[in-house]
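Structure record follows, encoded as C-alpha cells.
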Amino acid sequence: MRTQSVTSPPSPPAERRYLRWTGGLALASLVLLVLVAVRWSPLMSLDGDIANTTHGWAVDERGVTQVMRILTDWVWDPWTMRIATFAAAIWLAWRKAARWTALWLLAASWLATGLQQIMKALVDRARPVWPDPVDSANFAAYPSGHAMVATVVCGLLLWLAHHYGVRGAWWRTAVVVAVVSAAGAGLTRVWLGVHWLSDVVGGWLLGVLFVLLAVRVHERLWPGEGAAARAGADDDPPARGSSTP
C-alpha cells in the first residue's frame, strides 16, 4: 500500500484542519489579550475569586505548597525546559544528523521566550499581591512564562518524537508526560499566587499556537529530515511470535 511522500504538501483536509486550529487559537489568544489589557470586569472578578481561593489553600496546605514550589522551581522551570531542548538538539545533531532540525528547535524555543517577554512588557499586568505570600516572582504577569515555555517545549519535543517514529506505549507515555508538564507548569503558578488564571490560559493558548506555526515552518523548510528514521521504524520486522495478515 502506497503512502504519501514525506516531501508532499499536506492534503486539503489536513490543510483545512490546520487553518481551523491556528485561526481558532489566534482568535482566542487575541480576545483574551484584549480582555486582559482593558481589564474587563467579569474576567478580573473571576481571576480574583480563583486567586483568593487557591491562595487560601496554599496557606493552609503547607506540605502541598512545598511540593508545588519544588515542581515550579526545578521540574517545570523554564530553564529546565531549555536544558531539555538543548539536550534534544544535541541528540538530533549527533545521532540523527538532523542539524537543521536541531537549530530549528533551539531557535523556536528561544523565540517563544523572547515573544512572551515582549508581551509581558507591553501588557504590563501586575501580579497578585498578598499580605502572606507563599512564593514570589518578578516582572509582569501576562502571559505566564512557565505555562507558555512548557507548552512550547513539550509540544515541540512531542512532535519530534512522533516525527522520528515513536509509537505505541512510548508514544502514549510521551503524550501523558507532555500534557501533565504543560498543565502542571501553569497550575502551580496559580496555586503559589504568582499568576492569575488568565495569565496561565494565555500562556497555554499562545504556546499551542506557536507550536503549530513552528511545525509548519519545519515542514516547509526541511520536509525530508527524519524520513530515514521513520522509514526504518515502519520497516521494522514484526516481533517474534506475531503474525501478519
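Yeah, the Cβs are placed from backbone N, Cα and C, and that goes for glycine too.
Heads up, TrEMBL stuff is auto-annotated, nobody curated it.
Long-range Cβ contacts of the transmembrane segment (21-40) within its own chain (Cβ-Cβ under 8 Å, at least 6 residues beyond either end) map to 119, 123, 125, 142, 198-199, 201-202, 205-206, 208-209, 212-213. Residues or ranges marked as transmembrane segment in TrEMBL: 21-40 (among others).
Sequence annotations record features per position, and here TrEMBL assigns transmembrane segment to 76-94 (among others). Counting residues 6+ beyond its ends, the transmembrane segment (76-94) has Cβ neighbours under 8 Å at 101-103, 105-106, 109-110, 113, 145-146, 149-150, 153-154, 156-157, 160, 181, 184-185, 188 in the same chain.
The feature transmembrane segment is assigned by TrEMBL to 101-119 (among others).
Under the heading domain 'Phosphatidic acid phosphatase type 2/haloperoxidase', TrEMBL lists 101-215.
The annotation transmembrane segment is assigned in TrEMBL to 139-162 (among others).
According to TrEMBL, the transmembrane segment annotation covers 169-188 (among others). Within the chain, the transmembrane segment (169-188) has long-range Cβ neighbours (under 8 A, six or more residues past its boundaries) at 68, 71-72, 75-76, 144, 146-147, 149-151, 154-155, 157-158, 161-162, 195, 200-201, 203-204, 207.
Under the heading transmembrane segment, TrEMBL lists 194-215 (among others).
Cβ atoms under 8 Å from those of the transmembrane segment (139-162) belong to residues 33, 36, 72, 76-78, 81-82, 84-85, 88, 92, 101, 105, 108-109, 112-113, 116-117, 119-121, 123-128, 170-171, 174-175, 177-179, 181-182, 184-186, 188-189, 195-196, 198-200, 202-204, 206-208, 210-211, 214-215 of the same chain, restricted to positions at least 6 beyond its ends.
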